[in-house]
Amino acid sequence: MVAIAPPRSRWPRRGRGESKSEVMDRGTKVRWAVITLLMWAIALLFIAPFAWMIVSSLKREIDVFRLPIRWIPEPVTWGNYVEVWTGNYPLTKYIGNSLIVAVARVVGELFTASLAAYAFARMEFRGRNAIFVLYVATLIIPHQMLLVPRFILYREIGIYDTLWALILPGIFTVFGTFLLRQFFLTIPRDLSDAARVDGATEFQIYSRIILPLAKPALASLAILAFVWSWNDYETPLVMLTTEANFTVPLGLTRYIDEGGGFSAALIMAGAVSSVLPVIIVFLLLQRQFIAALARSGLKG
Amino acid sequence: MATQGTDIIDIPGQRVPVVGERTKRRSLRPGSWQGYLFILPNLLGFAIFTLLPLAFALAVSFADWDVISGIDGIDWIGFGNFTELVRDANFWGSARNTLVYVGFSVPLTTAAGLGVAMALNGPIPGRTILRLVFFIPFITNTVAIGAVWLLLYHPRYSPLNGGLRNLGIENPPAWLASSDWAMPALVIIAVWAGAGYASIIYLAALQDISPDLYDAANLDGASSWERFKSITLPLLTPTTFFLLVTGFIGASQSFGLINLMTEGGPGRATTVLSYYVYQNGFEFYRFGYAAALSWVMFAGVLLLTLFLWRVQRRMVHYE
């Protein structure tokens, strides 16, 4: 009895037909070979600016723009890295600042967001939904609108031109609360109800039941918050003027707008140094990283 | 042996579902004030760093004010900023530039992401490496991106144009130095930087589509294009909608790359609204006008979002 499967409301993840889709005829094989070649060609184009950045960072200044491009530096020069790490505008200083900001933001955001998310997802109180709608509504407000008032506010409360200007607003985010709330909603109610019957307080349920179960979501938020904090350029651009406080992206601009006398090799060494930590985080936590993006995307 | 659930908490006996439990839960229990305690830290910060600035932005949009003259220097001018804005050719110019930038970069990025995801979802050798390659630009900071592309687009030494000449293109574009090519140059960077992200979101969605659907289509003798058109694409519409909306919101707000690479030029060719707001606020110190501009921007983004929302309600296929 061969029958075409009627539409069903729930499809099994691994259907009986899966083996069938693995069998490929000749035409399909040829097509995939072509697609593979094409994808690798496009990937080469995609990575070319990046490869050029790395190669140039290892060249002498006079060799950077020599055409045709030599993809293997000759001689290999590490001096650019020594200069950007320890020279007049030392990246070590900026990296230190970036790390302080990123770590403080991640820790603070995990704390305030998980507490608020717990209340929004699993507690009941008057005005809960109204407050939540207000939260979510501010997600589409243009960032620019907050720049000027925040600039004035920070000057009034004395955090303008300090690292706090980057840390504090990053601790109280709507996005983090929203992301965690969506995850907390998926944890079965019975777990916390049973604990309540046993006389557990709300805080105990939050810290001993929900948080341990929410580790993947907390990790997602931590990864995203770290990378966004590390890469943020626009906030420090507006809020910082003292060079000793610069984070990595802002510090990098020192090598770009140096009144025309910029050095391409130095900029590239700085750029490589600024990207490397994020790539390492990505390589180490690739699975979690991708899960984090998918989560922030699809549940949104 | 105990199940996973009972490891964590001790459930006294089997729980029997109680009829009407649902309604009971909805009612306010004593101790519901605790909820406020939980949201308090976040809410406090949200009020200080988001709500307060928003209220201030609303107030100051009805004033003529520069930060130098202090709070006393606020000159209330009613709708003055908004009437000026309507007559400001630079406002309309930057609105047009924003539409061009967003209108090209977001759909192109989304389409590129879909293409990459479709390919990487198939039997391609080295998928992990390819995924990494496409994704790296997305996790690269704006300044590093700006630095590389500033040099690649260099008016005299551009290695990119060196490559194009090798391919036989006699007069490659002057990119950032040309008012015709500066905007396309920025769109290229946006697609390059964003396609990897879109592809990851699409890949996650593709993996949720049941293979049974394709098998059923195969039995019907559907071609791969037909399968893509009538199964994949419709089932991906929620993802597409999400990427378009968040893409429009994000792309209309970013000004970092423009600040680094073109400063809105040549002429005003790449002055988008977000950069015009930044200029008015932090270069011309016209805080009131900047606030008014950002409210108009917000209205624009809101309208676009609502429009897309209506479109998707008719188009999107949720399972």
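Placement of Cβ uses the backbone N, Cα and C atoms for every residue, glycine included.
Feature list (source: TrEMBL):
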- A:95-285: domain 'ABC transmembrane type-1' (DOMAIN)
- A:1-22: region 'Disordered' (REGION)
- A:30-55: transmembrane segment (TRANSMEM)
- A:99-120: transmembrane segment (TRANSMEM)
- A:132-152: transmembrane segment (TRANSMEM)
- A:164-184: transmembrane segment (TRANSMEM)
- A:205-230: transmembrane segment (TRANSMEM)
- A:262-285: transmembrane segment (TRANSMEM)
Contact check, the transmembrane segment (A:262-285) vs the transmembrane segment (A:99-120), 3+ Cβ pairs under 8 Å, seq sep 6+: no
Chain residues in Cβ proximity to the transmembrane segment (A:30-55) (below 8 Å; excluding those fewer than six residues from its ends, i.e. six or more beyond): 24, 69-73, 268, 271-272
Residue numbers, six or more beyond the limits of the transmembrane segment (A:99-120), whose CB comes under 8 Å of its CB atoms: 128, 131-132, 163, 166-167, 170-173, 176-181, 183-184, 206, 210-211, 214, 218, 221-222, 225-226, 229-230, 247
Cβ-Cβ under 8 Å with the transmembrane segment (A:164-184): same-chain residues at least 6 beyond its ends: 100-101, 104-105, 108-114, 116-118, 120-122, 132, 135-136, 138-139, 150, 154, 210, 214, 216-218, 220-221, 225, 229, 232, 235-236, 239-240, 247, 295-296, 299-300
